[in-house]
Amino acid sequence: MIALILRRIAQSLPTLFLVVAGSFFLIRLAPGGPFDLERPLPPAAMENLRRVYGLDQPLIVQFGRYLLSLLRGDLGPSFTFRDLTVTDLFARGLPVSLTLGSLALVLALGLGLALGSLAAFDRGGIADRGVGLAASLGLAVPNFVTAPLLQIVFGLGLAWLPIGGWADGNPRNLVLPVLTLALPHAAGIARLTRASLGEVLIQPHIRTQRAMGLSRARIARHALRGALLPVVATLGPLAAGLMTGSVVVETIFGLPGIGRYFVEGALNRDYTLVMGTVVLVAVLVIVFNLIADLIAAALDPRVRLSA
Amino acid sequence: MSAALAHRARRRLARDRPALAALASLMLVALACLIGPFLTGHPPERIYPDFVRVPPSLAAHPRSDELRPALQRLAFRMRASLEDVAQEGERVRLTLTAPKPIDERSLRLLPRSGLFGEAQVLERSADGRRLVVEAPIRRLYFLLGTDALGRDLLTRCLAAGRVSLLIGLTAALAALLIGVAYGAVSGLAGGTVDALMMRVLDILYALPFVFFVIMLLVFFRAGLWLVLVAVAAVEWLDMARIVRTQTLSLKSRDFFRAAIALGAGTGTILLRHAVPNMLGPIIAAATLLVPRVILLESFLSFLGLGVQEPATSWGVLIAEGSRALESAPWMLAAPAGFLVVTLVALNRLGDGLGEALDPRLQRGLDQRDSAGR
């Protein structure tokens, strides 16, 4: 297993390099710079600023320097948040995004698996159709529609929950954003579970179990183990996407996560912040994919052999 | 796709009621977006300053209580004041007074407001400072209400639908072509080339593509075409995978090996043998691609990075609507409704097509039945 992990990390290095190089040169090619203000700075001051941040060097030298500092784990100073490094910003925002993301992941998994199994065991029945309809709605309604709807119903109409803000992670403030994040993924997982469980339930070994008179709960346990594989395979990208924060949800609910850093950083030409976010996301995608693969290997011996 | 499969698929699809309903509602939405803006009676850009954030209703505007304020504003612009208003059925009679003689040319403001027809002067005092005018009242309908500037929301939703559907179809088509070409070449070539191309695909899969798209759009001023290219560049990966798998399974079939043995060129093999036989899964996957593209576009537009004013898409309208949610909830509900109906229908149709076009499925269904419950 250690060998597998090491090999996967080695395999992911070219991807990581490509991500860093691609975004580095893309952002430097873009017109505008981080110090363009409404009133232009005097040329001498601009010159000084550029020298301090090393922007006066040739691009390839800057790239080399960035790679070196990246190897040391240093993401550099932010260009727009004065006196803060990108690492500082992540230290503030990442806990928020991780809390929201992990809660949403748990909710999406629980809801999706439960509804998907319900539909699979009741193929063609009322529950199946209901879940199918709910799932296709959940997939089609974008989160920037769900979020304001939840706000107006539970925040303004019923006044049960606050419509936004972080409030140091007060659980009441988390409900609506987590729900917004989780619903589309719950729908996706429900569909996937229904399909894969449906395939498993027509297999001969399940028929044998039925014939032997095993209880429904026992059969469900056997079937779910096989049906979980495709679900687990999607978990890697899904978890990475949820953990790295959502621009939409964080903007609408006014949460201080890292999802907003990227778009704001790009708009302000905050080179290091944009780069840092991209690197963070790429690393998280790789890590979560690895974890998902390890879970898959634990579930299915065939995956273990071929890995 | 063989004729037999096409025939069976059509029969299966005809039995799939939800998929047919989805197809029907899609055609309805597409037709409405195509010709609807000509039928609503409002150009999409027309601004009615008198009707800002009018809620949806079947009633005609201006209502009698809206007449006086609208006329007062018009009279003010004519440098006159409104002395009296009388509504007589379809016509309105108004008396205007002013400290200086009223220029009758300023009466053109009445039809130009969009609320009234051509005005007729009934009486004119000798000094020209008092005018009695009659004008027909036009009937304006805002079935889905108006937005924060006073534009008809139905017309805007339909015009926006053109852009959203256009982007959805074109970007999906582009992604389809790239994906089919890449996947087919990779699968046909096999060996080292295949391994290399799949390795590249793996690397691309791991890239946070949405981030690159956002960067592109932020840095190089967003426009319709850039959105299209960006979205297509993200979405072709799945298609390439599907096509490669299909090609690999085709390669072991006899008719395919015969074509190769007969010395057919790569192009012929690709176009005559590979693509037609994979059409089923490709069509199904492409149908599912369109809603994803539309969703991605509306997400980008919601962030203000996608389609730019004066062009509009459902994402743009939803963004406007969510900002005006408290005062005008219909501004969110209307475009969101169009978007959701379209996406649900496309997803359902894609699933239906996937099932109808799957040659293995007939057997699967039989098995399911015989397994019993």
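Using N, Cα and C of the backbone, Cβ positions are placed for all residues, glycine too.
The structure displayed is predicted, hence computed values, not measured ones.
The transmembrane segment annotation in TrEMBL covers A:12-30 (among others). Same-chain residues lying 6 or more positions outside the transmembrane segment (A:12-30) and placing a CB less than 8 Å from one of its CB atoms are 59, 62-63, 66-67, 70, 266, 269, 271, 274-275, 278-279, 282-283, 286.
Residues or ranges marked as domain 'ABC transmembrane type-1' by TrEMBL: A:94-296.
Under the heading transmembrane segment, TrEMBL lists A:98-121 (among others). Long-range contacts of the transmembrane segment (A:98-121) within the same chain: residues 127-128, 131-132, 134-135, 169, 174, 177-179, 181-183, 185-194, 197-198, 201, 216, 220, 224, 227, 231, 235, 238-239, 242-245, 249, 255, 257, each at least 6 residues beyond the stretch ends and with a Cβ under 8 Å from a Cβ of the stretch.
Per TrEMBL, the feature transmembrane segment maps to A:133-154 (among others).
As annotated by TrEMBL, transmembrane segment applies to A:174-193 (among others).
Outside the transmembrane segment (A:226-253) by six or more residues, the chain places 93, 96-98, 100-102, 104-105, 108-109, 112-113, 120, 143-144, 147-148, 151, 163-165, 176-177, 180-181, 185, 188-189, 192-193, 195-197, 199-200, 203, 259-260, 262-263, 277, 280-281, 284-285, 287-293, 295-296, 299-300, 303 with a CB less than 8 A from a CB of the stretch. The annotation transmembrane segment is assigned in TrEMBL to A:226-253 (among others).
Summarising the annotation, TrEMBL assigns transmembrane segment to A:273-299 (among others).
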* Structure fact -> Under 8 Å Cβ-Cβ from the transmembrane segment (A:273-299), and at least six residues away from its ends along the same chain, one finds 1, 4-5, 8-9, 12, 15-16, 19-20, 23-24, 27, 66, 70, 75-76, 78-81, 86-87, 89-90, 94, 225, 228-229, 232-237, 239-240, 243-244, 258, 261-262, 264-266, 307
* **Long-range Cβ neighbours of the transmembrane segment (A:174-193) (under 8 Å; 6 or more residues past either end)** => 99-101, 103-105, 107-109, 111-113, 115-117, 119-120, 131-132, 134-139, 141-143, 146-147, 150-151, 154-155, 161, 163, 227, 230-231, 234, 238, 242, 246, 249-250, 252-253, 255
